[in-house]
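Chemist: Before anything else, here's the structure in question.
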Amino acid sequence: MRAILSIILFSCVFTLNAQKNVFLDRTFWNEKTSINDVKEAVKEGNSPTEFNKYNFDATVYAILQNAPTKTIAYLLSLEGNEVSKITHDGRNYLMWAAYKHNYPVVKLLLEKGSDINIYDDKGQNTQTFAAMGGNLNIDIYTLLEENGLPIKTPSRKGETAMHLLSQHIEDIEQLNFFLEHGLSLKQTDKAGNNLFHFASAQGNIKVLNQLIEKDFDPKAKNKNGENALFFAARGKRSHVNEFQLFRFLHTQGLKLDLINNSGSTVLHYLARSQKDETVFKYFMEFGADVNKVNVEGNTALMIAMARNNTPAIEILFEVTEKKNIINKDGYSILTYALRTKNEKIISKLMEQNVNYHLEDKKGNNFITHLVDTYKKEDKVFFEKYMKLFISKDVEIQAQTLQIATSKENEYLINFLTEKGADINAKNKEGLTALQLAAMKGENTEFIKFLIAKGADKDVQTEFGETVYELAKNNELLEGRLKFLK
C-alpha cells in the first residue's frame, strides 16, 4: 500500500481506454436532447454521473450545450448528480448555469439548495463567473443577489462582475445596472488592474474611448508594472487582438518597450498566440527588446516555441540573438523544437554548437523528451532523432522506459530495449516498469508483454510487496491476474 502512495511522485499518467461514454461527448447534447434520449443511453450502459478526466460530467455538458430544462432537471434527480457535486475547476452546477445565462436552471438549482457562496479553484464566485461568460442577463444577477450573493461581490482576486464583463460589452452603458448596484467604474482588483486594463483584452476601441472620456488614464500601470498593451497582447480566451488595437493604444501614449516587474516585454505575451508579423515588427520598431530574458529564463522566442506558434517562431527566430540560453525549467530552444516536432528549427540549431547531453531540471534528456511526446504519426521523426542522439552517446534513462510504460506502447518498449534499455531498471522511486504497469495500467496483455521482454515478475518493492500484490490493488486489472502468482 505504501508503494502505491509513492506512485504519486511518478509524473507519468496512464491513458484509460475504457468504453466510450456518450454522455461525455458534447455532441450528444443539444437544445432537443430529451429525457427519453438520456434513458435510452443509460440502458445501453452509459453513465449519467461519471466524470471524464477533466471532471466534466453529463449534467455540466447538458448545461453547456443548452439542453432543455426538463432534461437537466431529470439528470439532477439521479443519484450521484446532487447539486452539491463539484466538477471541473471546483465548480458546482449553479456556476455553470449562471455562466451560460440559463435563468430557469439557475432558479431550479437555487430551489434545490445549491451552494450560492461557493468559490471555484480559480477564485471566482457565481456572480463573477457569470460575467466571465459574457452574461448580460440582469435577471440572473438579481436572482443571485436575492438569494444571498450581492452583485458587487468580488472574486478572490478582487475582480468584480463589471471588470469581467468589460471584455464582452459593446458600450459602457451596458454597465449601468452594475453601477446602480454599488460598483464603481474606478474600482481596481487586488493586482491594481482597472476597467481600462480589462477592456483592453477584448480590444473594443469604442469602449476604450468611452472610458478615456470618463477620465481613465490609458497609460496607467498595475502593480506588476504593466500597461494596457500587456492585456491587449494576452487577449482573452479564443480571441487574439488585431494590429489596429495596438496602434490605437500606442497613439494614446503607451510605451511599446515597457518591461513589467517579471522581466517580460509585451513580445513575451504576443508570442503565445499572435500570428500577425505586422504586430511584432511594430513593437520591435519602437524598441521592444526581442532578446529580453524574463524571470523564468525565457525569451519571446522560447515562449513561441513552447506554444508551437509557427508564425511567431519564424518571425522571432531570425531576429533573436540569444538562441542557446536555458530557462529555469532546464529547457532550451532545441528542447521545445523536439517536443513540438519542428524540424525546420531543429535543422537550423544543429548548424550551431549543440549540447546533446542537456538535461532539464527533472533530469530528463533529449531522448526522454522524444519518448514523452511520441505519437504514432510521428514515427519517422522519432526514429530519426533517436538514432541521432544515440549516436551522440545520449543515454536511455530509467525514466525513459517508465514513460513508454505509462503509454502502454509496445513499439516504444521494443525500440528502447533493442537500443540497450534495461527492462528492469528502477526509477527514482525504486520502481520498475513492470511494477508501474501493475499499479497504474489497465491492460494485462501489456503486462504479459513486459514479462515476455524479460521484466522480472518476482521483483519486490522496498516494503516487500510483490507485483501480484500491487496489481491486486489496481481495480482496472481485477480478476485477471493469475499469471502473476
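Just so you know, glycine gets a Cβ as well, placed from its N, Cα and C.
From TrEMBL, for reference:
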SIGNAL    1-20  signal peptide
REPEAT    89-121  repeat 'ANK'
REPEAT    191-223  repeat 'ANK'
REPEAT    262-295  repeat 'ANK'
REPEAT    401-428  repeat 'ANK'
REPEAT    429-462  repeat 'ANK'
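Provide an account of the burial state, proximal residues and distances for the features listed.
Modeler: Here the repeat 'ANK' (89-121) has Cβ contacts under 8 Å with residues 55, 59-60, 63-64, 66, 69, 72-73, 76, 83, 127, 129-130, 132-133, 135-137, 139-140, 143-144, 147-149, 155-156 of the same chain, all six or more residues outside its ends.
Looking at the repeat 'ANK' (191-223) alone, the prediction's average pLDDT is 98.
Beyond its flanks by at least six residues, the repeat 'ANK' (262-295) meets 224, 229-230, 233-235, 240-243, 246-247, 250, 256, 301, 303-304, 307, 309, 311-312, 315-316, 319-322, 325 of its own chain at Cβ-Cβ distances under 8 Å.
For the repeat 'ANK' (401-428), the list of distant contacts is 9-10, 12-15, 368, 371-372, 374, 376, 379, 383, 386, 390, 434, 436-437, 440-443, 446, 449-450, 453-456, 459: same-chain residues at least six beyond its ends, Cβ to Cβ under 8 Å.
Mapped onto DSSP helix, strand and coil, the repeat 'ANK' (429-462) counts 17 helix, 1 strand, 16 coil.
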